[in-house]
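Q: This is the feature table in TrEMBL:
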type   : residues : note
DOMAIN : 56-113   : domain 'CTLH'
REPEAT : 226-267  : repeat 'WD'
REPEAT : 271-312  : repeat 'WD'
REPEAT : 485-521  : repeat 'WD'
Amino acid sequence: MGVHQKFLMENSSEVLGSKGLIKKNEFLRIIVQCLYSLGYSKTASCLESESGVSYKSPEFQFLESHLLNGNWDNCISFLNSIRDTLGETMDSALFLVLKQYLFECLTRGEDALALDVLKKRISALEVDRSKVHSLATSVVSLKDVESGVRDGNVIHDLRRKCLTDLEKLLPPPISVPEGRLEHLVETTVIAWVDSCLYHSSSNPVSLYEDHKCGRDQIPTVTTQILAGHRNEVWFVQFSNNGEYLASSSNDCTAIIWKVLENGELTMKHTLCGHMSAISLVAWSPDDTKLLTIGNTEVLKLWDVETGTCKLTFGNLDFVVSSCAWFPNSKQFVCGYSDPEKGICMWDCDGNEIKAWRGMGMPKVVDIAVTPDGEYLISIFMDKEIRVLHMETNAERIISEEHSITSLSVSGDSKFFIVNLNSQEIHMWDVAGKWNKPLCFMGHKQCKYVIRSCFGGFNSTFIASGSENAQVYIWNSRSSTPIEVLSGHSLTVNCVSWNPKRPHMLASASDDFSIRIWGPSS
C-alpha cells in the first residue's frame, strides 16, 4: 500500500457531528491550517502534537524535504508519480520546480546545464509561453552573475517561496486549499443571507447562531403622513444623499421635504410655476438641482437650496415624457412624447448637446441613465426596451409582450425593473447576460402608470405601488411579495426607498397624501 493510499484511509476513519458527515482528521487539519495562517504557530503545533494529526500530509512532507534540500530529481519523480491526481496542473507544478532548479544552476555557474534545463525540459511543458519567454530573458541576464555565488539565505527563501506556490497547485488531501476554514464559514454565512427574506444590512453576521432577520428590518408601518398637496400625488423620490424627498402632484406643484435627524420629514420648499400637473421629478446626482416635468407642458430646472426656478425648457409644444441625469450633474436627457423629437441631451444652461432622432424613432415612454453613466435605457412605444452603451453606441433591444408604464435602475447600475400592465414587474440585467427576466407578481395594475423601485442594502428589495391602494414589497430573489402595506385609500402611484436609510420608504397616492414607512420596532 502506497503512502498516498494509506493517508486516504486514515483520513476517512472517524467522523464528527450529529449527522456523522465530517471526517475528524480533515476537520483537525483545517483548524491547524487556520491557526498557522492567523499566526498562532505555537497553538497549531501543540494541537498537531496532541491530536496526532499534522496539517501537512505525508506526501507534502516528502516533497517539502526534497525541495528544501535541493533534491530536484526526487521532486520531479514525486510529481510524476501523482500525475493523474494533478491533472491539468501537472505542467505548472513542474515549471515551478524546474524554474528554481535552473536559477540555482546559474548561481553555481553551470550555464550549460541551465540552458539544457530550459531548452529540453521547460520548453516542453504546456504552460503560458510568456512565462517561458520571460524565463529565457532572465537566463540571459543571470548568466552575468559571478560564477560560484551562493547566498544560503536567498536560496532558502526562494525554495520556500517555490514550495508555497507549489502547495497552491497540489490537490487535497495532499494539500489543504488555502483559507479553507474561512471559506467554509463564509459559504455558510452567504447561504444564511441568501435564504433570509428580510436581510438588509452591511453589518457582519454573527457566527454564534443561525442567522435570520425578522420583518422589523424593513419598513412596514406608517411613521408619518405628509399632507402638503391638494390633489393626487403622482410621483415621489428621495435625493441621492437621502436627506430630502421630492414629490409632485396633480395640483401643479412639487414639494421638497427635508429629512430630519430623527427620521421625520418637514416641508422645505413648494415649487410653483407649472400650469399643469407635474408628472415627474428628477434629482441631480449631487442633489443641488431638481428637474420637474409638467404633464404635456414645459420642463423646469430648480435650485434645491433656494427653491427658485433657474431655467424653463420649451413651450406649449415641448412635450417631455421623462428625463434622467448624467453622473456629472451638468447634463441630462429628455424623452419626448412626440416621435419626431426622440431623445435629447441638454446642459443646465439650456443648450442642446446631442439628439437621437429619426423616422424610426418612436414615442418615448420612460428613460433612465445608469448611475455609473455607462448606459442609457429607454422605453419606446409601450413595449420596447432599448439599452444603449454610451461609449460604444452598441444597442440592445428587449421586446416585452405587454405595455410598460415605468422604468427604474438599481443603485449599483447592474439591474433595472419595468412595470407592466399585465400586473407583473420584470427585472433585467443591464449587461444583457440574461435570456429572460425575473418576474414579480401580486400587485394590481391594469390601466394606470404605477412605479416601482429598488431598496434596502445592495438593492435587496423591490417595492411598488398598486391600483388597490396598497404598497407591495418583494425580496429580489422571490417572485411573491413578502409584505403588503395598507394605509392609503386610493391608488398608490409611486414609491421611493431612501438610499441612505434602508428602513425608510415613501409612497405617493391619489388620496392626496404621501406616507412614510418605517420598521415596526
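Backbone N, Cα and C atoms are what each Cβ position is placed from, and that goes for glycine too.
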Q: From the DSSP assignment alone, can you count helix, strand and coil residues within the repeat 'WD' (271-312)?
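A: Split into helix, strand and coil, the repeat 'WD' (271-312) gives 0 helix, 22 strand, 20 coil.
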Q: Excluding the flanking five residues on each side, which residues at least 6 beyond the ends of the repeat 'WD' (485-521) place their CB within less than 8 Å of a CB in that stretch?
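A: Cβ under 8 Å, 6 or more out: 200-201, 215-238, 240-243, 245, 247, 249, 259, 263, 265, 411, 448-457, 461, 463-473.
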Q: Let's see if you can do this one: DSSP helix, strand and coil counts over the repeat 'WD' (485-521), in that order.
A: 0 helix, 17 strand, 20 coil
Q: Using DSSP, how many residues of the repeat 'WD' (226-267) fall into helix, strand and coil, respectively?
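A: Once the DSSP states are binned, the repeat 'WD' (226-267) shows 0 helix, 22 strand, 20 coil.
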